[in-house]
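Structure record follows, encoded as structure tokens.
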Amino acid sequence: MKQQKCNYFPSLWWRGREKGLSTFLFLLLFSISLHAQRQDILLNNNWNFRFSHQVQGDTRRVDLPHTWNAQDALAGKIDYKRGIGNYEKALYIRPEWKGKRLFLRFDGVNSIADVFINRKHIGEHRGGYGAFIFEITDLVKYGEKNSVLVRANNGEQLDIMPLVGDFNFYGGIYRDVHLLITDETCISPLDYASPGVYLVQEVVSPQEAKVCAKVNLSNRAADGTAELQVLVTDGTKVICKESRNVSLKQGADILEQLPLLIQKPRLWNGCEDPFMYQVSISLHKDGKQIDSVTQPLGLRYYHTDPDKGFFLNGKHLPLHGVCRHQDRAEVGNALRPQHHEEDVALMREMGVNAIRLAHYPQATYMYDLMDKHGIVTWAEIPFVGPGGYADKGFVDQASFRENGKQQLIELIRQHYNHPSICFWGLFNELKEVGDNPVEYVKELNALAKQEDPTRPTTSASNQDGNLNFITENIAWNRYDGWYGSTPKTLATFLDRTHKKHPELRIGISEYGAGASIYHQQDSLKQPSASGWWHPENWQTYYHMENWKIIAERPFVWGTFVWNMFDFGAAHRTEGDRPGINDKGLVTFDRKVRKDAFYFYKANWNKQEPMIYLAEKRCRLRYQPEQTFMAFTTAPEAELFVNGVSCGKQKADTYSTVVWKNVKLTSGENIIRVTTPGKKPLTDEVTVEYKEDRPL
């Protein structure tokens, strides 16, 4: 593929044209809207669905996104349906589209998709979490209805990541489907379903930013020339513009590179200021725009220090992170935009500034929201090991290895321009037994650096071994105080590892404990993780103790609670019901924030004054003397029992206020906490003290 290198000199067009920027921007955007030829049509409605074992007449109408496992998998059926589902739709192709180029883009089908146009097989995609695209320009009948058939298969495969996982493998077309219509000469969408544009941040500082815009062009028209323009705006004015005339041979695909030089840039600065420029890349012929693509540009620079942690734009930034699976009650993984928005709103309420989107690429809209809200993101491929289970996460065969590389390239190219993404994750909980994955992970690491030298790689480990010394960053999944041991074990592990390997950039990729909001106890006892009893107060204690250990160790570059939300795992038989991993800080339906949520909110979100009385769901008390606890952003709080003050207590370093040996009277007791000041905050609950505990 022919390439043109970047040279960082201000273009002649730009010199002396600082005046009249607003007028120019208005006219330019008007021109774009007037002449832009690309169309993006959603094809989500009116699909006919049937399983392969059903006859043609058994179809039912569905709209996308859709999964056929929203009921059985979420009911905890370990044998939930894993097989082939057929989706068919009549698509009318307008006669005026003749002479254009047509593409079918799928944002996500799990995990194999075979696509047919008018019953002719046009292609297959293997992998359930990345987007893919097929050109159908010469495969459709213009002025007629065409059949689009997709055979989705979520059956077990030995050559597609992931092989295993502590989550559900929902089947279906669970993300959007698009029909893209472009000019014969276009910015190519065919490069692994990427935008066709890569904004490479080669040098970024408070003084200047040098960005190389790499643009894939595709031409089916006759030989000719076109003008390629790249325009950077800040929302109100043009910051810089570059253009170049390019020669295009018929049938050619070329890569053009244009330099962008921005003086004194406004940086993308996490949650504090998630500012992004907008970059419009457009193609012009004969003075008319024939195609355009717009991408975000969030300029930032960052690094991780083995002793001091993560730095964004030269300033230390403790990463207060969570992990997130992409499913929820009743809909499985077939999420709509409002579901992603609600998840992010809950994270921001809690004070989250980092996220690990586990264990696979998630919806583009989710990455868009991470950009918008300034949440530092760890994005990863679904290279998932067995964890505590008996299956294999790696099979050393060529087809599996190639599939993993394909999914890594898809992840990086499709999401390259998201400023929130700061880490590419390569694996989770692999084991060095049998087929040893070490050499393959080295290949993945080299591929990631080849695709994107600007971002560090990372991984999530749960054991010792050579796997921990491949990626630039390393993090561990730790459950000290849940799967046995105590929270103190985490401190021992971190200190020992940092001392033994001071060169390692150490993070915590998972830590958490299960909790049911229906399981309450007025004494603190560690439960069995595999049992049916998952008391909420143990989860709260677990997070309080683990967070104290983490916060006292600045060398830990980032920590990610497992998990922000309860999620589906059909094989689990524990907690208050089967089929749910209940380690979330919020329930599966997003309706209830657990107590540990408020502990983190008090510690991470100092912008929102709050007080929260813990263990309010524990309404029955059997101990005559109780300990009450509140989480607050205030320096102190006062406790009242039945209107009588039990005294004021100072909040500790971790925003927690505790009153011990509080006596209750038989029957109902009104417990209230309040903060001092002219605008006091209060929280209260009524509990019942019973002298006789049921057997």
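Just so it is clear, glycine is given a Cβ too, placed from its N, Cα and C backbone atoms.
With a 10 A radius on its CB, GLU429 (active site, proton donor) counts 26 other CB atoms from all the protein chains. Following the DSSP three-state reduction, the secondary structure of GLU429 (active site, proton donor) is coil. Among the features that Swiss-Prot reports, active site, proton donor is placed at GLU429, with the record citing similarity to another entry.
The Cβ neighbour count for LYS583 (D-glucuronate binding site), using a 10 Å radius and every protein chain shown, is 29. Here Swiss-Prot flags ASN428, ASN477, TYR483, TRP562, LYS583 as D-glucuronate binding site, drawing on similarity to another entry.
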**Q.** For ASN477 (D-glucuronate binding site), the three-state class that DSSP assigns
**A.** strand
Q: Quick one: give me the count of other CB atoms within 10 A of the CB of TRP562 (D-glucuronate binding site).
A: 27
Q) Could you give the Cα-Cα distance between TRP562 (D-glucuronate binding site) and GLU429 (active site, proton donor), in whole Å? A) 14
**Q.** Among ASN428, ASN477, the one of these binding-site residues whose Cβ has the fewest neighbouring Cβ atoms within 10 Å
**A.** ASN477
Q | 10 Å Cα neighbourhood of GLU429 (active site, proton donor): matching binding-site residues from ASN477, TYR483, LYS583 | A | ASN477
